[in-house]
Each structure stands twice: as C-alpha cells, then as structure tokens.
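What follows is one structure encoded as structure tokens, with my remarks underneath.
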C-alpha cells in the first residue's frame, strides 16, 4: 500500500458564495462542511497524515484531534505550499473541502492509476457547445478538472516553489514538465462555489440544535462622558469607566453571543491592552463579533437582557435599546427583550457605584436550505 498523506483546503473566504456564513462552515447535520468532507475522504484510505488549511485554527481544533491544522495563505497556492511543509510521504492527495461528496469509486480510480504519472486527476468531459470570445471550441479537447488529485510530493513542492499562481496541482506539475494522468470524474465531485450549487447536491440538512450563551459585565461609574447602553445615550455625563466607550450592555451581549458559538469571550477578541480599542464604539464591536459568529455557521434566535442599575431609571430607554440592537444585528425586534431592575439599594449597584448587565442568547445553525 502506497504511503499517501491528505491535504484538505479549507481556508478560503467564500467570496463567490455570497452569504454571511463561509461555505466551509455550513452545517451538514452537526458537522461543518469542512469536517464532513474530510471525514468522507479519510474513510477511504489509511492516510499517513491529514492536514487541513484553516483561517480559524483554534475554532476548528474543537471539532477533532485527528488532523493537523495550518493557517492558510492569501491564495490557494500559498495555502497548499504551507500545508506541504508538514508532508513527508511519497504521495500527497489534495482536495477542496467544497467538493463534499467525492465517491469511493472516484477515489479508487485515482489510487488504481497511481503509478501512471506524476499527478493523477479526475476530469469531466464537456457535453455542451462551448464558446470562447464567440468562437466555438473543440469540446473533445476540453476537460473540466476536479479534485481530489494525487501527486508525487517532491515534484509538487518543487512546482509550487516557482511562486506562480496555479489553480490546481495538475497545472503546477504540468508546468514543470511532469506527466498528468486523467481519470473519469463525476458530477458529485463538482465544487460548491455559488449558493445555487447547494440545490445540485444531495447534502444532509443542518440539525435543529439550539446553543445558549450567557454574558455578564460590570462597570463602575466615574467618567465624565455619556452613559451609553446599546449605543443609546442614557445620560450626558454619568459615563462608566472602561477602555472602550463603556457600553456595559453591548459588552455583556457580545460575550453571550461569542459564548453560545464557542468562540471565546470579548476580552480575547478585543483586549483592553490594545490601544486600537481605546474609546471604541462597543456596538460596532458587537456587530463585528456577530459577523464572526455568522461566518462559522450560526444565526441568532432571540436575545434577553437584564440591566441592573439603581440609577438612572431606564424605563423610557428600553424601546430605543431594543431597536438599536435589532438594527445592529440585523434581527427582528420581536426577538429582542431588554429588562431593567434595581437591587433594592443593596450592594455596589444599590449604592450607585456602578451597573451590571446579564445577557442570554440562543443561536441555531444557519439554515442554508432557505437560500
């Protein structure tokens, strides 16, 4: 049995997919797409090593300890080159995680022809008339190249050392004078590029699990600046001490959303030792945090917030706070509830030394079946 390692490319920005969620984090059942695709291929062969390129290593590591992860580059070629640094097997198989449903039959065709060339690649024939600059091309000479592809590791490394931009391994090796061997591709190995492609693939739908997160934050009064809650000015001078603008509600809500998604906490994302967050707009930071949560495949169901303050009174501001949260997070206002309470003059809140906020949120997986 030949010694083969597997590289799965999962660091792309999903620009052409044109949704808030990156396609590699679409949920198939409970698995993100990148994991589903990697599990599928890894079940076909005892790979020496499995390497996944990533733009979010710490989060992806939460799903499995069976693979190695490496930060991707700005391009496919850069990501692959970095991953190859971890590979020392004679052969390497490379695939895009966006090719989710590669079959065992296609995989076997690649393995069976391993000794035929320097790179073995699947390809589809073109059935339709094909034009280039309004001129018909000879479709018999056209191939639609797919992945996974198997290459001789040393030759692929050498090809990528040219620092040219190749869109797949076979063209990189061909540019070095290497021999390419084509096997029959398959429709199921088509790349998921546009959201419309989801309708062409028979994929498991997202599970209906709900993920709950809580956030709690406290700040002391003392700054001669506006008191902001959810970006709404409550008082012109009763500001809270903080590195940012002191919006304790936004901080609490940010923590709740990050926690529900398993993405850490506000201090990790926006450390108070970083001067770029000095006096930062906390509602903008909240939006950025939720964008990160959506990128990895979640969306909000509802928000419930309890503001604890002896003073000032907040009754007249609750509606404005709910509206501003809804606008910031692109969420229906009926899914947001803001409550206010005192501590009956007990503790630091009762002594009007500061205020606290407790936020609870529920998330679900992004439902890509609605696209």
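Note that Cβ sites are derived from N, Cα and C of the backbone, with glycine treated the same way.
Taken from Swiss-Prot, the feature 4-CDP-2-C-methyl-D-erythritol 2-phosphate binding site applies to 217-219, 243-244, 265-267, 270-274, 341-344, 348, 351, supported by sequence analysis. With a 10 A radius on its CB, residue 219 (divalent metal cation binding site) counts 20 other CB atoms from all the protein chains.
Annotation source Swiss-Prot lists divalent metal cation binding site at 217, 219, 251, citing sequence analysis. Within 10 Å of the C-beta of residue 217 (4-CDP-2-C-methyl-D-erythritol 2-phosphate binding site) we count 22 further C-beta atoms, all protein chains included. DSSP assigns residue 217 (4-CDP-2-C-methyl-D-erythritol 2-phosphate binding site) to a strand.
The region '2-C-methyl-D-erythritol 4-phosphate cytidylyltransferase' annotation in Swiss-Prot covers 1-210. Over the region '2-C-methyl-D-erythritol 4-phosphate cytidylyltransferase' (1-210) the predicted model carries a mean pLDDT of 96.
Residues annotated as region '2-C-methyl-D-erythritol 2,4-cyclodiphosphate synthase' in Swiss-Prot, with sequence analysis given as evidence: 211-371.
Residue 16 (site 'Transition state stabilizer') falls within a helical segment according to DSSP. In the structure as shown, the Cβ atom of residue 16 (site 'Transition state stabilizer') sits within 10 Å of 11 other Cβ atoms. Annotation comment: Swiss-Prot describes 16 (among others) as site 'Transition state stabilizer'.
Around residue 23 (site 'Transition state stabilizer'), the same-chain residues six or more apart in sequence whose CB sits under 8 Å from its CB are 12, 14, 17, 33, 98, 192, listed in sequence order. What Swiss-Prot records for 23 (among others) is site 'Transition state stabilizer'.
Annotation note: residue 139 (site 'Positions MEP for the nucleophilic attack') sits in a helical segment as assigned by DSSP. Per Swiss-Prot, the feature site 'Positions MEP for the nucleophilic attack' maps to 139 (among others).
Classification of residue 191 (site 'Positions MEP for the nucleophilic attack') by DSSP places it in coil, neither helical nor stranded. The Cβ neighbour count for residue 191 (site 'Positions MEP for the nucleophilic attack'), using a 10 Å radius and every protein chain shown, is 15. The annotation site 'Positions MEP for the nucleophilic attack' is assigned in Swiss-Prot to 191 (among others).
Among the features that Swiss-Prot reports, site 'Transition state stabilizer' is placed at 243 (among others), with the record citing sequence analysis. The Cβ of residue 243 (4-CDP-2-C-methyl-D-erythritol 2-phosphate binding site) has 15 neighbouring Cβ atoms from other residues within 10 Å, across all protein chains displayed. Residue 243 (4-CDP-2-C-methyl-D-erythritol 2-phosphate binding site) carries neither a helix nor a strand DSSP state and counts as coil.
Sequence annotations record features per position, and here Swiss-Prot assigns site 'Transition state stabilizer' to 342 (among others) based on sequence analysis. Note: residue 342 (site 'Transition state stabilizer') has non-local neighbours 308, 309, 310, 349, 350, i.e. same-chain residues 6+ apart with C-beta under 8 A of its own C-beta.
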Of the recorded positions listed as 16, 139, 219, the one whose CA lies nearest the CA of residue 243 (4-CDP-2-C-methyl-D-erythritol 2-phosphate binding site): 219
Of the recorded positions listed as 139, 191, 217, 219, 351, the one whose CA lies nearest the CA of residue 16 (site 'Transition state stabilizer'): 191
Beyond the site residues 217, 219, 251: chain residues whose C-beta lies within 8 Å of the centroid, for divalent metal cation: 218, 240, 242, 246, 247, 248, 249, 250, 252, 356, 357
Collapsed DSSP category at residue 251 (divalent metal cation binding site): helix
When distances run from the Cα of residue 266 (4-CDP-2-C-methyl-D-erythritol 2-phosphate binding site) to each of the recorded positions 139, 191, 219, 251, the nearest one: 251
Those residues of the chain, 6+ apart, with a Cβ under 8 Å from that of residue 251 (divalent metal cation binding site): 215, 217, 219, 242, 244, 266, 282, 357
